[in-house]
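Asker: One structure, as structure tokens, below. Some questions next.
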């Protein structure tokens, strides 16, 4: 039996509708629309009087029709008078009343046409729904980058030894599941890597997949944040479906906080798209077994804002911190990034590592890349310490501005004293810190100058060190006031004031370093509302004033050193560590 496709069936139906409509029109024309003799109303009355009319059809229209005694049809004007019907009946004429003599045919034709339109509309609607469904499925299909047989290994990652050991254990889980099943141990379903940006979270996840010899499916948390309802959850389901089809693999979700934030919205609950997406992720992670060889890894810079359900056992079982590298790790990272570069043998990587406190692995890579660019510009034989030194200040403060013709002499003087104040305050208050460079050359990052203050590696910040950091931040503005007067202080201290306020606010609100507030955390008690607390505002203001006055007394006593540094800056524009130390040595010997 011949079977028609849906498209062919619709075409046949359309042709049938047209044919039926044509037949209906033909019938209508043939039987109901014969030629009628059109006569005047006067002639109609005369024929009525003469008894020549057999039948008259009365309707509501402007015309009336009828049949003569000889069978011929006629049509004439309808006078619409009340006495017309009575007059016709008195003359023995048969009267038929109808609303429309052709209504049956017209109704049939109308029904057929409407039916045809409805059929076409249904077809188009279904076709559109199918197309919409396909588009939805297409949008629900998450795109991910894959990696197999990558050259990245744990040996290519320097620092974070503890994190690497954790990752190596997961590799062993994937390669030797029997070893752990013997003891009833289950492979963690999920691992969250957290830490500062640029510390190598993605690199570690890639290395894990590479070492285990499994596929690496990488997506971003923002890929699941969509305008259309249900798309995020659909993408989660599709991702896990594809992962299961591939067998053993590593799913890596970067910036998971985009979909995994805490769902507590001030007690109001939540049912928006991000909640549905998170629920889909939680469901999928609960729905597969560790024996399937799928590990879900995620990265975030903010572990504290993730939903508790995401961090419970059975979901992301392990949380591994990827911290900023310490001195040895920085040296190892620098060694790694200089392996295939022509480095001058005189370059001391340990010295660079000591200088790059709080640099992440990515920042160290950028440092060496900038140094290589400077060497390439000069077409030098080697990347020298000078190139690395220049790259260091470019990474930290931006490149030096070439055109400085628009800088007024008074602006240079204000900048020189401002930066000299920072340098002297650092040497006096934080002797353990290194002042490696002071300059009054503007940078492309908007700084009029800067004083490079490098602290030592340390695990904690003491109250004393935080107080001294505030004083150093305030010292530039204080010197402006001492030298130029209170009415001539400038906007150059805006970043310094911001930094000092942040440190002092944290001491009072978070770290319990204020006797009046005591050992409480304002953020826990009041949330963001605590930031506007009047009491905190007053305490911050009073303590800032006290520290400002103490620093002012110190700098007034050391004004001769500040002037010496400032005068040298006005001449040389840039002072390095040995030059600054020489100025201080000269005053200490006096």
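Glycine residues also receive a Cβ, built from the backbone N, Cα and C atoms like all the rest.
OK, Swiss-Prot features for this one:
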- 1-8: topological domain 'Cytoplasmic' (TOPO_DOM)
- 9-29: transmembrane segment (TRANSMEM)
- 30-103: topological domain 'Extracellular' (TOPO_DOM)
- 104-124: transmembrane segment (TRANSMEM)
- 125-590: topological domain 'Cytoplasmic' (TOPO_DOM)
- 195, 196, 197, 198, 199, 200, 201, 202: ATP binding site (BINDING)
- 418, 422, 496: Zn(2+) binding site (BINDING)
- 419: active site (ACT_SITE)
Asker: Please determine which of the recorded positions listed here (419, 496) has the lowest count of neighbouring CB atoms within 10 Å.
Answerer: 496
Asker: Would you mind listing, in sequence order, the residues at least six apart from residue 196 (ATP binding site) in the same chain with a Cβ closer than 8 Å to its Cβ?
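Answerer: Non-local contacts for residue 196 (ATP binding site): 301, 323, 324, 360.
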Asker: Can you tell which of the binding-site residues 197, 200, 202 lies nearest to residue 496 (Zn(2+) binding site) in space, using Cα positions?
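Answerer: Looking at Cα distances from residue 496 (Zn(2+) binding site), the smallest one goes to 197.
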Asker: Which one is it: of the binding-site residues 197, 198, 200, which Cβ has the fewest other Cβ atoms within 10 Å in this structure?
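Answerer: So among 197, 198, 200, the binding-site residues given, the one with the fewest Cβ atoms within 10 Å is 197.
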Asker: For a quick check of understanding: among the binding-site residues 201, 422, which residue's Cβ has the most other Cβ atoms within 10 Å?
Answerer: 201
Asker: Give me the long-range Cβ neighbours of residue 195 (ATP binding site): same chain, 6+ apart, Cβ under 8 Å, in sequence order.
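Answerer: Long-range Cβ contacts: 201, 301, 321, 322, 323, 324.
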Asker: May I have the list of same-chain residues other than 195, 196, 197, 198, 199, 200, 201, 202 whose Cβ is within 8 Å of the Cβ centroid of the recorded ATP site, in sequence order?
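Answerer: Leaving out the recorded residues gives 193, 299, 301, 322, 360, 361, 362.
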Asker: Distance check, please: Cα of residue 422 (Zn(2+) binding site) against Cα of residue 197 (ATP binding site), rounded to an integer number of angstrom.
Answerer: 28
Asker: Enumerate the residues of the same chain, 418, 422, 496 excluded, that satisfy the criterion Cβ within 8 A of the mean position of the Cβ atoms of the recorded Zn(2+) site; list them in sequence order.
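Answerer: Going along the sequence, the neighbours appear as 419, 421, 451, 473, 475, 476, 477, 479, 492, 493.
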Asker: Counting all other Cβ atoms within 10 Å across every protein chain shown, which of the binding-site residues 199, 202 scores highest?
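Answerer: Max Cβ neighbours within 10 Å, all protein chains included: 199.
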Asker: Do me a favour and check the Cα-Cα span between residue 202 (ATP binding site) and the residue listed as 'active site'; whole Å is fine.
Answerer: 39
